[in-house]
Amino acid sequence: MEVPKDQIATLMDLGLYNSAQMLSCFLVSSPAANAETNPHLKAESLVLLGDTLFREREYRRAIHTYKQALQYYKISKHNSTTSRSSLSSNRSSSPNSFNISAINENEVKFKVASCHCALNENRQALAEMEQISKGRNLQMNLLMGKLYRYSRNNRSAITCYKECLRQCPYVIEAITALAELGVSAKDIVSLSPQNPNRSGRAPFDCFDSSRWLQRYVEAQCCIASNDYKGGLELFTDLLQRFPNNIHLLLEIAKVEAIIGKNDEAIMNFEKARSIDPYLVTYMDEYAMLLKIKSDFSKLNKLVHDLLVTDPTRPEVFVALSVLWEKKDERGALSYAEKSIRIDERHIPGYIMKGNLLLTTKRAETAVIAFRVAQELRPDIRSYQGLVHSYLALNKIKEALYAAREAMKAMPQSAKALKLVGDVHASNSGGREKAKKFYESALRLEPGYLGAALALAELHVIEGRNGDAVTLLERYLKDWADDSLHVKLAQVFAATNMLQEALSHYQAALRINPQNEAAKKGLERLEKQMKGVDPDAPEEDEENDVEDADADQEETDLL
């Protein structure tokens, strides 16, 4: 009795893949599917079995099975050219790429490539896909684009992604990829079919009438070119049109996190989670923000929720790394590396790894992690990591180059200006230049607390404590920030205004009881109050010598 193939298809449609797999085993071994007498039916049966294995995530077995099917298909094809087989009349086709009753060689190769991708074997996947020279469908072009991008063949990747949008202008993955590959919004939009069909309506009239997709394209191109302000404005406009859109909320929150609008980013991440508590996408970015805010109760709950939802995603391991950073830096680093093993293109994993390496005085290795992040998609965080790593290695020239590269890539970014200032501030002869960059950053973004704190530090170093206090107290009106109180406390302690210093250290610890700088500052202040000198001048003198050595090099560069 022949095993009914349509029943296997029904089981697949119902998601009963294990049952479909067992039934496929009967089909493959049935007398009707004899390899010698009926290689075509054998090939068809093996493809069905391979599909069940793919759905069960048994990718190695699926590859092996699909390869066998292709071998029998070649035998059948050879036989059909030499003699007209009656079996050819039984062939049929189906649009479902993972549920076919007849052999389509290109589709089987695509399935083999998909299995390799699932196993992170991108080189093997690309080799399979390059055998498909004609008749690539939308799925195939999208996969080809990804694989070419992974292999850094950007020109071929752009060609494939453009072909995707010619076939369907709503492939968001292709839009984002093209934006990140430097294709202009105008060029991306021009790929959409605009010619009216016989009915007089454009095939994608929704695109023409609402133009929301065009604004989405423009937003992604803004973000890709580091125009975060323009991107946020466009995303925010879209969010008004599509309220509670989870994708837009996450995109907005991610950009806000990158540019340092931490409170706004947290609010949007939490709004997205309130709509869908099982979100995993970008939740590692949210975890980093919770750590900055020292909100460890929320961080603990977030990590628990992510582990319950999907413990296989790279975002989960970055969040674990964030959680473990304070407890066990080695364990935290291990989690960050695990996230990269799961997805070698996961940027937050490299950012987290670089920061951990920098914290543990392994700046040389940190440079490598930040460089990978920058190559995948440069943003201010990878530039900051590179600059701070080079400064830790006393490589002033490299630090300046990275900072100026950031400023060139993001001319309207206050953070990039501050980064150049940080390099100059590391050298005693560059402090005047640093002051100008910090002031420029504050003119560009008056509420940028990081630049205000850096400028205040320069005032203190050069003995202008009164200017430092005046500057910082301006920000107290709008910022309930522990680092601001710590800096004020340090300035007051340096000018022997110990009671004021004590008040600000206590304020910092009320906002963030975990603030290590406030704890250490308070210990230092207690020594001062007891009449003990807590200063260590020999370390400062040592740094002055290093700065003097780098001064001439800085002058030459600028």
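Just so it is clear, glycine is given a Cβ too, placed from its N, Cα and C backbone atoms.
Here TrEMBL flags 519-533 as compositional bias 'Basic and acidic residues'. Per TrEMBL, compositional bias 'Acidic residues' is recorded for 535-558. TrEMBL lists 519-558 with the feature region 'Disordered'. For 43-76, 482-515, the entry in TrEMBL reads repeat 'TPR'.
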In DSSP terms, the repeat 'TPR' (43-76) comprises 31 helix, 0 strand, 3 coil
Between 0 and 100, where does the mean pLDDT of the repeat 'TPR' (482-515) sit?
79
Residues of the repeat 'TPR' (482-515) by DSSP state, where helix covers H, G and I
27 helix, 0 strand, 7 coil
